[in-house]
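One structure is given here, and the rest of the page talks about it.
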Amino acid sequence: MKRLSVLPQQCLLLVTCLLMALEAVPIDIDKTKVKAEGHVEGEKVENPDTGLYYDEYLRQVIDVLETDKHFREKLQTADIEEIKSGKLSRELDLVSHHVRTRLDELKRQEVARLRMLIKAKMDSVQDTGIDHQALLKQFEHLNHQNPDTFEPKDLDMLIKAATSDLENYDKTRHEEFKKYEMMKEHERREYLKTLDEEKRKKEESKFEEMKKKHGDHPKVHHPGSKDQLKEVWEEADGLDPNEFDPKTFFKLHDVNNDGFLDEQELEALFTKELEKVYDPKNEEDDMVEMEEERLRMREHVMNEVDINKDRLVTLEEFLRATEKKEFLEPDSWETLDQQQLFTEDELKEFENHISQQEDELRKKAEELQKQKEELQRQHDQLQAQKQEFQQVVKQMEQKKLQQGNPPAGPGGELKIQPPGEHKAGDAPQHPAGADQPLPPGHVQEPAVRTDQVHP
């Protein structure tokens, strides 16, 4: 994701609803005791993808809108509710002709892309049935009934779709992680079934040993607590822990100087805690679990600090959180290895679902094998007919040669040699008494009859 440079601070509200984190105009802050980050103003910074299937279209629309002076001025006075309600979308009628033309072009490209994807999906599922409602859902971020022009309704739909999808994005990630963990356990149990008793006991003993080794790590501080932030202050920022100051800490970790801590900037604060539990070099540490732990920490801090639920933490919200009892005396933090991620009933249901999918795939494979065998049988039959036909043609050619008839050509035409042309070694044969052509100037004498008597 590319952060947008030189934008009004209010523009970040729209961008946050859509992309969660884009760069606003730097505000004038004093970063005393803060190390230089080497950030160059106007520099493009790569950010993680939003995870939305229309991510590129979303970015392009925002880039174009921010080139219009009138629209940017309206953003300076807009708040989150005005953006979400669609009030800001009506300002689209006042943007320049060049901007509207570019937006029209972007929309046509997006509609063409979606149509191509939907056609591919329909082709791939034509034998198993088509979920038309799921296909239409692909168009929820734009008005597909008007595929040629970008209207205020398109901007309104884009904002609402992105806001809703981003709110559900974390939930989807949690569900996918749970499936991942259940699949790991399912595969482990299936593997144990293939072993004899002695090997199975060794494998189970190794599994328990790895679990114990993974759980043997330093204490993990409660995310967002004073102890956790002071550890970042000391070890990551290299500052004196006795001089910890929340306001300076906020300014230091507001990497893009926009006056907010966004979700990516918050997640970066948990790296030191995660390194206590996860090491990519250790066999017992799963990096997929580490990212789930990072997500859990970020959600927890957001729930405690983000008062207006705009997915951003302001300086005021941050300082207010540092005054709470939870900041100074937090509860202990339970990592994933200390929690039950799924029940036996959930695992059993998951395995039943896998079994059904495997049965369907097996039936499909059997059908494809039958089709393959039928095609092979038809191919063999055609080959046999071809050989039989070639044999018949060969016999007919031999029979014609034996009868003295000129051989037939590939199309059945007779091969007749021109007069006077003979193969080498062939002598012209004429029946006795037959008329023969005479040389020029030679007069043929009448034939003598043997039945006449001459005096």
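Placed from the backbone N, Cα and C atoms, the Cβ positions cover glycine too.
The following features are taken from TrEMBL:
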COMPBIAS  194-211  compositional bias 'Basic and acidic residues'
COMPBIAS  212-223  compositional bias 'Basic residues'
COMPBIAS  359-380  compositional bias 'Basic and acidic residues'
COMPBIAS  381-393  compositional bias 'Polar residues'
DOMAIN    241-276  domain 'EF-hand'
DOMAIN    293-328  domain 'EF-hand'
REGION    194-226  region 'Disordered'
REGION    348-455  region 'Disordered'
SIGNAL    1-24  signal peptide
- Query: So which residues does the compositional bias 'Polar residues' (381-393) touch in its own chain, when a touch means Cβ under 8 Å and the partner is 6 or more beyond its ends?
  - Reply: none
- Item | Average model confidence [pLDDT] within the domain 'EF-hand' (241-276) | 92
- Query: Using DSSP, how many residues of the compositional bias 'Basic and acidic residues' (194-211) fall into helix, strand and coil, respectively?
  - Reply: 15 helix, 0 strand, 3 coil
- Helix, strand and coil residue totals from DSSP for the domain 'EF-hand' (293-328) stand at 24 helix, 2 strand, 10 coil
